[in-house]
Amino acid sequence: MKGKEEKEGGARLGTGGGGSPDKSPSAQELKEQGNRLFVGRKYPEAAACYGRAITRNPLVAVYYTNRALCYLKMQQPEQALADCRRALELDGQSVKAHFFLGQCQLEMESYDEAIANLQRAYSLAKEQRLNFGDDIPSALRIAKKKRWNSIEERRIHQESELHSYLTRLIAAERERELEECQRNHEGDEDDGHIRAQQACIEAKHDKYMADMNELFSQVDEKRKKRDIPDYLCGKISFELMREPCITPSGITYDRKDIEEHLQRVGHFDPVTRSPLTQEQLIPNLAMKEVIDAFISENGWVEDY
(Lines of atoms letter the chains of each structure in order from A; the text may use other names.)
(Lines give C-alpha, C1' and ligand atoms only; values in the text may rest on other atoms or scores of the structure.)
Protein backbone atom coordinates (compact mmCIF):
# COMPACT_ATOMS: atom_id res chain seq x y z
CA MET A 1 0.00 0.00 0.00
CA LYS A 2 1.05 3.58 -0.57
CA GLY A 3 1.94 6.10 2.09
CA LYS A 4 4.92 6.41 4.33
CA GLU A 5 3.75 7.11 7.83
CA GLU A 6 6.48 6.33 10.34
CA LYS A 7 10.01 7.56 10.62
CA GLU A 8 12.18 4.53 10.75
CA GLY A 9 15.15 4.17 13.01
CA GLY A 10 17.90 1.64 13.22
CA ALA A 11 21.27 3.21 12.57
CA ARG A 12 24.29 1.01 11.96
CA LEU A 13 25.92 -0.36 15.05
CA GLY A 14 29.16 1.23 16.07
CA THR A 15 32.56 -0.37 16.25
CA GLY A 16 33.36 -2.95 18.85
CA GLY A 17 35.74 -2.58 21.74
CA GLY A 18 38.66 -3.81 19.65
CA GLY A 19 38.18 -1.12 17.01
CA SER A 20 37.06 -3.50 14.22
CA PRO A 21 33.70 -2.67 12.55
CA ASP A 22 30.64 -4.86 13.30
CA LYS A 23 29.68 -6.59 10.03
CA SER A 24 26.17 -7.60 11.18
CA PRO A 25 23.30 -5.83 9.36
CA SER A 26 21.57 -2.87 10.96
CA ALA A 27 17.89 -2.84 11.88
CA GLN A 28 17.15 -0.73 8.80
CA GLU A 29 19.01 -3.15 6.54
CA LEU A 30 17.11 -6.07 8.04
CA LYS A 31 13.86 -4.22 7.44
CA GLU A 32 14.78 -3.61 3.80
CA GLN A 33 15.74 -7.27 3.41
CA GLY A 34 12.35 -8.20 4.86
CA ASN A 35 10.66 -5.90 2.35
CA ARG A 36 12.35 -7.68 -0.53
CA LEU A 37 11.31 -11.07 0.83
CA PHE A 38 7.75 -9.81 1.30
CA VAL A 39 7.57 -8.66 -2.33
CA GLY A 40 8.69 -12.18 -3.26
CA ARG A 41 5.81 -13.55 -1.12
CA LYS A 42 8.24 -15.26 1.24
CA TYR A 43 6.22 -14.23 4.25
CA PRO A 44 7.79 -16.47 6.95
CA GLU A 45 11.30 -15.36 5.93
CA ALA A 46 10.20 -11.71 5.79
CA ALA A 47 8.63 -11.97 9.25
CA ALA A 48 11.89 -13.42 10.57
CA CYS A 49 13.84 -10.46 9.13
CA TYR A 50 11.47 -7.96 10.72
CA GLY A 51 11.83 -9.88 13.98
CA ARG A 52 15.61 -9.49 13.83
CA ALA A 53 15.16 -5.78 13.10
CA ILE A 54 12.95 -5.53 16.19
CA THR A 55 15.62 -7.26 18.26
CA ARG A 56 18.16 -4.66 17.14
CA ASN A 57 15.81 -1.70 17.58
CA PRO A 58 12.53 -2.48 19.40
CA LEU A 59 11.31 1.14 19.34
CA VAL A 60 10.30 1.48 15.66
CA ALA A 61 6.58 0.99 15.01
CA VAL A 62 6.96 0.18 11.31
CA TYR A 63 8.95 -2.98 12.05
CA TYR A 64 5.98 -4.31 14.02
CA THR A 65 3.39 -3.33 11.40
CA ASN A 66 5.48 -4.94 8.65
CA ARG A 67 5.70 -8.17 10.61
CA ALA A 68 1.99 -7.95 11.43
CA LEU A 69 1.20 -7.86 7.71
CA CYS A 70 3.31 -10.98 7.22
CA TYR A 71 1.34 -12.73 9.95
CA LEU A 72 -1.91 -11.67 8.30
CA LYS A 73 -0.71 -13.13 5.01
CA MET A 74 0.13 -16.35 6.86
CA GLN A 75 -3.36 -16.32 8.47
CA GLN A 76 -2.00 -15.88 11.98
CA PRO A 77 -4.20 -13.02 13.26
CA GLU A 78 -3.34 -13.49 16.94
CA GLN A 79 0.37 -12.85 16.33
CA ALA A 80 -0.47 -9.96 14.00
CA LEU A 81 -2.75 -8.43 16.61
CA ALA A 82 0.01 -8.46 19.23
CA ASP A 83 2.39 -6.67 16.84
CA CYS A 84 -0.25 -4.07 15.98
CA ARG A 85 -0.89 -3.31 19.64
CA ARG A 86 2.84 -2.90 20.25
CA ALA A 87 3.11 -0.60 17.21
CA LEU A 88 0.29 1.57 18.58
CA GLU A 89 2.07 1.81 21.93
CA LEU A 90 5.01 3.28 20.03
CA ASP A 91 2.98 5.38 17.58
CA GLY A 92 -0.69 5.93 18.32
CA GLN A 93 -1.12 7.78 15.01
CA SER A 94 0.02 4.86 12.86
CA VAL A 95 -2.48 4.31 10.06
CA LYS A 96 -1.10 0.88 9.25
CA ALA A 97 -1.26 -0.27 12.86
CA HIS A 98 -4.94 0.65 13.13
CA PHE A 99 -5.66 -0.79 9.67
CA PHE A 100 -3.94 -4.13 10.31
CA LEU A 101 -5.42 -4.33 13.81
CA GLY A 102 -8.87 -3.91 12.28
CA GLN A 103 -8.12 -6.68 9.80
CA CYS A 104 -6.98 -8.97 12.64
CA GLN A 105 -10.17 -8.33 14.57
CA LEU A 106 -12.20 -8.90 11.41
CA GLU A 107 -10.56 -12.31 11.00
CA MET A 108 -11.30 -13.07 14.66
CA GLU A 109 -14.96 -12.01 14.19
CA SER A 110 -14.67 -9.09 16.65
CA TYR A 111 -16.65 -6.90 14.29
CA ASP A 112 -17.34 -3.88 16.51
CA GLU A 113 -13.66 -3.52 17.41
CA ALA A 114 -12.65 -4.08 13.78
CA ILE A 115 -14.97 -1.33 12.56
CA ALA A 116 -13.70 1.09 15.22
CA ASN A 117 -10.06 0.55 14.24
CA LEU A 118 -10.73 0.66 10.51
CA GLN A 119 -12.65 3.91 10.90
CA ARG A 120 -9.75 5.29 12.94
CA ALA A 121 -7.31 4.23 10.22
CA TYR A 122 -9.46 5.95 7.60
CA SER A 123 -9.65 9.18 9.62
CA LEU A 124 -5.90 9.20 10.27
CA ALA A 125 -5.16 8.58 6.60
CA LYS A 126 -7.29 11.60 5.69
CA GLU A 127 -5.65 13.77 8.35
CA GLN A 128 -2.16 12.73 7.27
CA ARG A 129 -3.11 12.92 3.57
CA LEU A 130 -1.92 9.38 2.93
CA ASN A 131 -3.29 7.62 -0.12
CA PHE A 132 -4.30 4.03 0.61
CA GLY A 133 -6.67 3.89 -2.34
CA ASP A 134 -9.74 1.76 -1.61
CA ASP A 135 -7.93 -0.63 0.75
CA ILE A 136 -9.27 0.80 4.01
CA PRO A 137 -12.80 1.62 2.74
CA SER A 138 -13.08 -1.86 1.23
CA ALA A 139 -12.08 -3.51 4.53
CA LEU A 140 -14.54 -1.30 6.39
CA ARG A 141 -17.39 -2.25 4.06
CA ILE A 142 -16.57 -5.93 4.56
CA ALA A 143 -16.49 -5.51 8.35
CA LYS A 144 -19.84 -3.73 8.41
CA LYS A 145 -21.38 -6.32 6.13
CA LYS A 146 -20.10 -9.20 8.27
CA ARG A 147 -21.33 -7.55 11.46
CA TRP A 148 -24.76 -7.07 9.89
CA ASN A 149 -24.84 -10.67 8.69
CA SER A 150 -23.87 -11.86 12.18
CA ILE A 151 -26.74 -9.88 13.70
CA GLU A 152 -29.11 -11.21 11.05
CA GLU A 153 -28.08 -14.82 11.63
CA ARG A 154 -28.67 -14.42 15.35
CA ARG A 155 -32.09 -12.88 14.73
CA ILE A 156 -33.08 -15.62 12.29
CA HIS A 157 -32.00 -18.28 14.79
CA GLN A 158 -34.05 -16.63 17.55
CA GLU A 159 -37.15 -16.47 15.36
CA SER A 160 -36.73 -20.11 14.38
CA GLU A 161 -36.42 -21.12 18.03
CA LEU A 162 -39.55 -19.10 18.87
CA HIS A 163 -41.51 -20.81 16.09
CA SER A 164 -40.44 -24.25 17.33
CA TYR A 165 -41.27 -23.35 20.93
CA LEU A 166 -44.76 -22.12 20.07
CA THR A 167 -45.39 -25.19 17.91
CA ARG A 168 -44.52 -27.45 20.85
CA LEU A 169 -46.75 -25.44 23.19
CA ILE A 170 -49.76 -25.71 20.88
CA ALA A 171 -49.20 -29.44 20.36
CA ALA A 172 -48.81 -30.05 24.11
CA GLU A 173 -51.95 -28.05 24.88
CA ARG A 174 -53.89 -30.04 22.26
CA GLU A 175 -52.80 -33.35 23.81
CA ARG A 176 -53.62 -32.13 27.32
CA GLU A 177 -57.15 -31.08 26.34
CA LEU A 178 -57.78 -34.32 24.43
CA GLU A 179 -56.67 -36.39 27.42
CA GLU A 180 -58.81 -34.31 29.77
CA CYS A 181 -61.82 -34.76 27.48
CA GLN A 182 -61.23 -38.51 27.49
CA ARG A 183 -61.03 -38.66 31.29
CA ASN A 184 -64.15 -36.53 31.76
CA HIS A 185 -66.21 -38.87 29.60
CA GLU A 186 -64.94 -42.24 30.76
CA GLY A 187 -67.86 -44.65 30.94
CA ASP A 188 -70.09 -42.51 28.74
CA GLU A 189 -72.04 -44.52 26.23
CA ASP A 190 -72.40 -41.63 23.79
CA ASP A 191 -69.19 -42.01 21.78
CA GLY A 192 -70.50 -39.60 19.19
CA HIS A 193 -70.59 -36.77 21.72
CA ILE A 194 -67.00 -37.50 22.80
CA ARG A 195 -65.78 -37.60 19.23
CA ALA A 196 -67.51 -34.28 18.52
CA GLN A 197 -65.79 -32.61 21.47
CA GLN A 198 -62.43 -34.04 20.44
CA ALA A 199 -62.99 -32.81 16.90
CA CYS A 200 -63.65 -29.30 18.27
CA ILE A 201 -60.40 -29.46 20.25
CA GLU A 202 -58.50 -30.62 17.18
CA ALA A 203 -60.03 -27.88 15.03
CA LYS A 204 -59.27 -25.19 17.60
CA HIS A 205 -55.61 -26.09 17.84
CA ASP A 206 -55.30 -26.60 14.11
CA LYS A 207 -56.47 -22.99 13.77
CA TYR A 208 -53.95 -21.84 16.38
CA MET A 209 -51.22 -23.56 14.40
CA ALA A 210 -52.41 -22.15 11.07
CA ASP A 211 -52.68 -18.62 12.48
CA MET A 212 -49.20 -18.83 13.94
CA ASN A 213 -47.71 -20.11 10.69
CA GLU A 214 -49.48 -17.34 8.79
CA LEU A 215 -48.05 -14.76 11.17
CA PHE A 216 -44.53 -16.07 10.68
CA SER A 217 -44.99 -16.26 6.93
CA GLN A 218 -45.97 -12.58 6.88
CA VAL A 219 -42.56 -11.68 8.29
CA ASP A 220 -40.74 -14.21 6.15
CA GLU A 221 -38.86 -11.46 4.33
CA LYS A 222 -37.49 -10.29 7.66
CA ARG A 223 -36.11 -13.76 8.30
CA LYS A 224 -34.05 -13.62 5.15
CA LYS A 225 -30.59 -12.12 5.17
CA ARG A 226 -30.76 -8.45 4.28
CA ASP A 227 -28.01 -6.47 2.70
CA ILE A 228 -27.36 -3.08 1.13
CA PRO A 229 -25.46 -3.37 -2.17
CA ASP A 230 -22.05 -1.70 -2.14
CA TYR A 231 -22.94 0.49 -5.10
CA LEU A 232 -25.65 2.20 -3.01
CA CYS A 233 -23.19 3.07 -0.23
CA GLY A 234 -21.07 6.22 -0.08
CA LYS A 235 -17.33 5.86 -0.49
CA ILE A 236 -16.63 8.09 2.51
CA SER A 237 -19.20 7.17 5.17
CA PHE A 238 -19.86 3.65 3.77
CA GLU A 239 -23.54 4.16 4.62
CA LEU A 240 -26.54 4.16 2.30
CA MET A 241 -26.40 7.36 0.24
CA ARG A 242 -29.29 9.80 0.58
CA GLU A 243 -28.25 12.58 -1.80
CA PRO A 244 -25.87 11.04 -4.36
CA CYS A 245 -23.80 13.35 -6.52
CA ILE A 246 -21.19 12.59 -9.14
CA THR A 247 -17.75 14.16 -9.71
CA PRO A 248 -16.02 14.84 -13.04
CA SER A 249 -14.00 11.67 -12.37
CA GLY A 250 -17.20 9.63 -12.47
CA ILE A 251 -17.20 8.77 -8.75
CA THR A 252 -20.50 9.04 -6.86
CA TYR A 253 -20.54 10.28 -3.25
CA ASP A 254 -23.19 11.25 -0.74
CA ARG A 255 -23.31 15.04 -0.97
CA LYS A 256 -22.91 15.77 2.74
CA ASP A 257 -19.83 13.54 2.94
CA ILE A 258 -18.02 14.92 -0.11
CA GLU A 259 -18.80 18.53 0.86
CA GLU A 260 -17.40 17.91 4.35
CA HIS A 261 -14.30 16.37 2.77
CA LEU A 262 -13.80 19.39 0.51
CA GLN A 263 -14.16 21.80 3.43
CA ARG A 264 -12.05 19.97 6.00
CA VAL A 265 -9.48 17.96 4.04
CA GLY A 266 -8.91 19.63 0.69
CA HIS A 267 -10.24 20.36 -2.78
CA PHE A 268 -9.59 17.00 -4.40
CA ASP A 269 -11.48 13.79 -5.15
CA PRO A 270 -10.79 11.35 -2.26
CA VAL A 271 -10.52 8.35 -4.59
CA THR A 272 -8.85 9.70 -7.72
CA ARG A 273 -7.03 12.61 -6.00
CA SER A 274 -8.03 14.83 -8.94
CA PRO A 275 -8.71 18.53 -8.21
CA LEU A 276 -12.36 19.03 -7.22
CA THR A 277 -14.56 21.92 -6.07
CA GLN A 278 -18.08 21.94 -4.67
CA GLU A 279 -19.39 23.62 -7.83
CA GLN A 280 -18.34 20.58 -9.87
CA LEU A 281 -20.66 18.23 -7.96
CA ILE A 282 -23.64 17.16 -10.06
CA PRO A 283 -26.73 15.41 -8.60
CA ASN A 284 -26.81 11.77 -9.68
CA LEU A 285 -30.53 11.58 -10.37
CA ALA A 286 -30.42 8.04 -11.76
CA MET A 287 -28.73 6.74 -8.60
CA LYS A 288 -31.16 8.73 -6.44
CA GLU A 289 -34.08 7.00 -8.15
CA VAL A 290 -32.51 3.58 -7.53
CA ILE A 291 -31.87 4.41 -3.86
CA ASP A 292 -35.41 5.68 -3.29
CA ALA A 293 -36.84 2.52 -4.84
CA PHE A 294 -34.58 0.36 -2.67
CA ILE A 295 -35.67 2.19 0.50
CA SER A 296 -39.36 1.91 -0.39
CA GLU A 297 -39.00 -1.86 -0.87
CA ASN A 298 -36.78 -2.43 2.19
CA GLY A 299 -38.05 -0.55 5.22
CA TRP A 300 -35.45 -2.25 7.43
CA VAL A 301 -32.67 -0.09 5.95
CA GLU A 302 -33.49 2.60 8.49
CA ASP A 303 -32.03 0.27 11.14
CA TYR A 304 -29.01 -0.81 9.07
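Keep in mind that glycine also has a Cβ here, set from the backbone N, Cα and C atoms.
Look at Swiss-Prot and you will find 1-30 tagged as region 'Disordered'.
Swiss-Prot lists 1-10 with the feature compositional bias 'Basic and acidic residues'.
Per Swiss-Prot, phosphoserine is recorded for SER20 (among others).
SER24 (phosphoserine): 11 other CB atoms within 10 A of its CB, across all protein chains. Per Swiss-Prot, phosphoserine is recorded for SER24 (among others), and the stated evidence type is similarity to another entry.
Residues or ranges marked as phosphoserine by Swiss-Prot on the basis of similarity to another entry: SER26 (among others). The number of other Cβ atoms within 10 Å of the Cβ belonging to SER26 (phosphoserine), over all protein chains shown, comes to 17.
With DSSP classes pooled into helix, strand and coil, the tally for the repeat 'TPR 2' (61-94) is 27 helix, 0 strand, 7 coil. Residues or ranges marked as repeat 'TPR 2' in Swiss-Prot: 61-94.
Positions annotated as region 'Required for interaction with MAPK7' by Swiss-Prot: 102-201. Regional average pLDDT for the region 'Required for interaction with MAPK7' (102-201) in the model is 88.
What Swiss-Prot records for 143-197 is region 'Required for interaction with and ubiquitination of MYOCD', and it gives experimental evidence as the kind of evidence.
The annotation region 'Required for interaction with FOXO1' is assigned in Swiss-Prot to 144-198.
For 144-304, the entry in Swiss-Prot reads region 'Required for ubiquitination of FOXO1'.
Using a 10 Å Cβ-Cβ cutoff, SER150 (phosphoserine) registers 12 neighbours. Residues or ranges marked as phosphoserine by Swiss-Prot: SER150 (among others).
Taken from Swiss-Prot, the feature phosphoserine covers SER274 (among others), and the record attributes it to similarity to another entry. Long-range Cβ contacts of SER274 (phosphoserine) within its own chain (separation 6+, distance under 8 Å): THR247, PRO248, SER249, PHE268.
In terms of DSSP helix, strand and coil, the region 'Required for interaction with MAPK7' (102-201) has 84 helix, 0 strand, 16 coil.
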